[in-house]
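K.L.:
This is the structure I want to talk about, given as structure tokens.
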């Protein structure tokens, strides 16, 4: 896991001053790679390395995970190609053997070199062979082009900015901000965020002219043709996977365990984030099969017992006899660290969970020498774990006139007290048509609503969550928080083999008898039954509503009464109407979700930091 920065010019050359500037921009994210650094300027016309007269720059900060020797320092050169790489290729051992059979020779033991060999043998389309998380740039000296590539599920970040005949790219937005001719807020994008909380669903950012490279995509900068093209190297297969319960459950179990197994490959210590829920418990239990040493685990505990998962964490750690460190979060920490987290995130977020997550990684950093962390992000999306998917499923059964199955599902959900137990008015309202919801009348000018829940079938709704509306944001805050402390988070549920399998089996394998994640519950028989068949689903929940009504009340009121409020100055909100809206929330209006308040508060703090 690392930090990268690059620059490409189609015409005029960069000079020594530019080299020094680009080096500093690379080092802005030194926390992403504290172990080593290197910087190269390339003159593509002369096919030479030159820091005084060059048109391509590659900068790299290294966090050593695989092959800790100096052979892993980047930019790395092999087969007439240079590469800078952020991420991990988990199947690099298997790919290495395949490439050796094709007479490829290796000079390092790194997964980085495997990427270059794959490119040399199969071209850009060969990246679909990679199982991992990545954002990398390859400079092909002979073909005179630079290829930028990003992994399938937005796990690793890659941004770019084009200024006339130059292209700049980086791991984080902050590296590109000094290059902008003028820092401008994308007002339409901010309106979407304020109204619906959507931000990471496409290639646009809140900074005008700075874009994300899309997941599962290569951006090819061809210097010979003076053109930039975008090519998708992977997509979901579109073939229904059929079979008996036994066969499909066995295949899921084998694929999931193999995904965990290859994500344990590391030359540094590996640990686990344990929430007490089904997903993180399954990952940790699977990991214990493939390691001779016990795995350390870390958990965040809510001070409010109503939201605490402590009993399930204790049950798991006692059952498997593993170490666990518990971290509690209080509002003082939250208030004191929101700006720090915003600085690392570069863009705002909907709720306080990213700050709690930052606290968890910080505590892990202070209490352990673990570098690699397994986490369950993506489990709810690939296994249809969210309540909304049950609404979709019931609606599908109704539309298909499968009344008996629908009645059975509803009855067993009530009997088992599962999906029905999760129902909450202020959560369910997010799945209703917008015209039925409370109006955010404090928004001065609303964006055109993005129909998040428009879908042709449950499979498409699931893919929408994975590709656009859920996973990208979750991966964004996990990446920035973990890399702030030079830690690498690995996500077994986002192994592309497993994801493709799960989106192509029928919904009844994932939801049945009122149970979500049915295939996981049935497959993982080794888990304690109290965890495996938990009726409630808490997840990473904080007493956020309580905090907004107490500890944050005075600050929020003062913030939106202030004449320096930027949301008001930019004519994005009416502060008086927002305070009326907030008062309704304080009075217990169930139609107003806590994120409707948190999002506006956090957006204002973000604006003050970046545009104040």
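Yeah, the Cβs are placed from backbone N, Cα and C, and that goes for glycine too.
Below, the features straight out of TrEMBL:
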- 2: active site, for GATase activity (ACT_SITE)
- 111: L-glutamine binding site (BINDING)
- 273, 300: ATP binding site (BINDING)
- 2-224: domain 'Glutamine amidotransferase type-2' (DOMAIN)
K.L.:
Over all shown protein chains, what is the count of other CB atoms within 10 A of the CB belonging to the residue listed as 'active site, for GATase activity'?
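P.N.:
There are 30 of them.
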K.L.:
Enter the number of other CB atoms within 10 angstroms of the CB of residue 300 (ATP binding site).
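P.N.:
For residue 300 (ATP binding site), the 10 Å Cβ neighbour count is 22.
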K.L.:
For residue 273 (ATP binding site), what is the tally of other C-beta atoms lying within 10 angstroms of its C-beta?
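P.N.:
Cβ-Cβ neighbours of residue 273 (ATP binding site) within 10 Å number 24.
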K.L.:
I need the CA-to-CA distance for the residue listed as 'active site, for GATase activity' versus residue 111 (L-glutamine binding site), whole Å please.
P.N.:
13
K.L.:
Using DSSP and collapsing to three states, where does residue 2 (active site, for GATase activity) fall: helix, strand or coil?
P.N.:
strand
K.L.:
Mean pLDDT over the domain 'Glutamine amidotransferase type-2' (2-224): what is the value?
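P.N.:
For the domain 'Glutamine amidotransferase type-2' (2-224), the model's average pLDDT rounds to 97.
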